[in-house]
Amino acid sequence: MTTADGKPLKVSLRRALRRQRIWAFLLVAPLLLFILVTFIVPVFNMALRGIENPQVHDIMPQTTSALKAWDGEGLPAEPVYAALVADLQAGYKSKEIGKVATRLNYEKVGMRSVIMSSARHAKRMKDGPYKEAMIHVNRAWGDPATWRLIKRESAPYTFSYLLAALDAHYDDNGDIAMLPQDRRIYVPLFIRTLLMSATVTLFCILLGYPVAYLLANLPLKISNLLMIMVLLPFWTSLLVRTTTWIVLLQSQGVLNDLMVWLHVIDDQGRIQMIFNKTGTLVAMTHILLPFMILPLYSVMKTVPPSYLRAARSLGANPLVAFWRVYVPQTVSGIGAGSLLVFILSIGYYITPALVGGQSGQMISNMIAYHMQESLNWGLAGALGLLLLVIVLVLYSVYNKFIGIDKIKMG
Amino acid sequence: MAALPPYTSTLERVWHYTYLAICGLIFLFLIGPILVIIPLSFNAEPYFTFTHAMLTFDPAGYSLRWYHNILSHPAWIQSIKNSFIIGPAATVLATVLGTLAALGLSRPQMPFRGVIMSILISPMIVPLIISAAGMFFFYSSVDLTQTYMGVILAHTALGIPFVVITVTATLSGFDHSLTRASASLGASPSHTFFKVILPLVTPGVISGALFAFITSFDEVVVVIFLSGVKQRTLPLEMWAGIREQISPTILAVATILVAMSVLLLTVLELLRRRNERLRGIRA
């Protein structure tokens with residue numbers, strides 16, 4: 001079969017389809033490019049900082065290449081010391097050596113002063129042999145462990161930030177070891193973040209399910225009116241909603257005043273409900289609840305009420321009918337809402353920072369701390385990388401079972 | 001659910017009203033906190049709770065001093081201006097790019113639909129602190145930090161998922177035979193777009209744009225990392241205010257923001273009704 005211009009129909013059709021595919025892709029291309037440049041690249045860049053290790057490699061190039069031949073046993077030979085002195089002199093001159101000192105200090109406390117004082121001495125050294133001289137300047141240079149540390153950190157990529165983010169480190173022999181129990185910070189914080197997110201998700205199910213059921217079963221006129229009560233918080237600024245919880249829950253706040261007035265508690269016994277874990281949980285539940293109600297509502301809308309009536313007429317008592325007939329039909333809504341609430345809550349930063357106090361901080365707050373205050377950007381990157389991996393795994397689960405384009409927003 | 005049938009047992013009756021009461025409490029939990037701050041923002045005293053004068057409806061207990069406070073502080077005025085520069089700019093960019101992409105994504109011939117969709121939605125999923133830190137490093141390497149452009153581009157990226165989701169959702173009910181009918185009647189593709197497609201997807205586009213606007217208008221983490229002194233937005237000013245010393249001025253600002261979300265919600269609700277009406281005519 002051929003078309004009017006004599007081409008086979010198959011070829012013609014294939015060409016038309018290809019043209020349509022290209023058209024569709026061209027419509028998406030500008031946005032895809034935009035997101036890649038303004039968002040995906042920066043996020044990858046941030047995560048890469050968790051494994052990049054340029055300081056020793058770039059600022060001490062001679063030592064780096066001289067150490068390549070060293071087998072890690074005993075002390076390195078004279079040429080390595082000569083390279084070290086040359087690098088220290090160059091680094092001191094360019095004022096870059098401080099970065100190496102900071103970098104090595106993350107791995108072993110005390111390395112900052114070793115490097116800085118050695119650099120000050122090295123700039124006056126004229127000629128060798130350097131080995132004895134450097135060991136004389138600082139005993140650390142006579143310790144093979146120092147050299148093993150430098151050799152390890154002279155690689156352009158490192159696992160040490162990731163290890164630090166998992167409360168582990170390389171010991172003096174270069175083996176991976178966990179930190180002692182009392183010095184572990186990040187793993188407990190990850191666990192706390194996951195636990196708090198799970199608690200918020202559970203609260204959202206408990207509070208969201210009855211409301212969604214009510215909304216789905218009321219006549220449309222009333223349910224649309226009540227829906228405003230769900231949508232207004234959804235549209236209100238996160239900062240506003242966090243502020244209201246400070247106003248309500250603080251010890252001189254509305255709720256405490258009310259309880260004092262009702263003589264539930266006396267004026268001295270005001271309860272501290274904010275600037276701790278409780279405050280964070282309450283505020284986050286309030287903020288994320290609409291994300292649970294909306295998908296639940298849209299699933300419940302599709303459940304035919306006759307099933308429940310059939311179960312009742314067949315003799316099931318109301319509780320059994322509800323639990324064994326109604327709830328299973330809404331599992332997809334529970335799943336969609338829970339995953340979304342969980343994904344959103346493990347990355348929460350603003351609310352814990354404002355109402356969390358000490359005990360309500362989450363992993364995002366730690367990343368912000370390393371970004372803005374300790375300036376250990378490598379560790380911030382590693383923590384970010386771990387958080388990102390958790391979120392992306394959950395995101396792909398969501399994508400697979402629910403479909404990302406099914407997110408409900410009002 | 002509205003009326004109980006006559007054969008309902010007493011126990012069921014009790015449970016029914018208990019259930020309604022529980023739902024009432026949950027609604028109170030949802031809406032109460034937002035309503036509480038509105039009267040408190042008119043407090044004449046610098047307290048965060050109802051004073052005796054307020055509870056007895058004594059006019060002396062109420063005042064507009066915290067609203068005056070906003071107007072008399074150049075920092076607040078500047079931040080409001082900034083929010084209204086950055087928000088609309090990011091909204092326009094996100095809406096145009098997002099709508100085009102949604103049109104492409106909803107075509108049945110679109111290749112790699114799933115992968116592309118999940119990339120486009122990712123700004124909504126990736127924790128904000130990671131996005132903000134990443135943008136800080138990347139934008140500072142191209143000198144975009146502490147510029148309006150940088151904040152606008154960042155907010156555009158964050159608003160795009162909402163536009164893509166709402167517009168593709170609107171298009172999912174779109175009847176493709178309409179465009180074919182239009183083409184067979186001799187309309188050019190651009191004519192078809194403006195006269196057939198656009199009027200039908202407009203409600204979706206507008207609600208996507210509103211989402212994008214509120215995302216930018218409410219966003220603070222990226223602004224903390226990217227903005228300089230000149231680009232401080234309203235949420236950033238609030239954030240700083242809450243962290244340093246929370247004053248009732250914050251409540252006045254919050255009340256204005258609540259009024260704005262009521263306004264946006266009303267617009268959205270009207271759009272939804274219009275959309276339902278349109279679909280009703282078509283069905």
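Any Cβ shown, glycine's included, is placed from N, Cα and C.
Since the structure is predicted, the reported quantities are computational estimates derived from the model, not experimental observations.
Copied over from TrEMBL:
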- A:190-398: domain 'ABC transmembrane type-1' (DOMAIN)
- A:22-44: transmembrane segment (TRANSMEM)
- A:193-216: transmembrane segment (TRANSMEM)
- A:222-240: transmembrane segment (TRANSMEM)
- A:280-300: transmembrane segment (TRANSMEM)
- A:306-327: transmembrane segment (TRANSMEM)
- A:334-355: transmembrane segment (TRANSMEM)
- A:375-398: transmembrane segment (TRANSMEM)
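Put simply, of A:222-240, A:280-300, A:306-327, A:334-355, the stretch with the most CB pairs closer than 8 A to the transmembrane segment (A:193-216) is A:280-300. The stretches the transmembrane segment (A:280-300) and the transmembrane segment (A:222-240) are in mutual contact, each linked to the other by at least three Cβ pairs under 8 Å (pairs 6 or more apart in sequence). Below 8 angstroms of C-beta separation, residues 211, 214-216, 286-287, 289-291, 293-294, 297, 350-351, 354, 410 of the same chain, each at least six residues beyond the ends of the transmembrane segment (A:222-240), sit close to that stretch.
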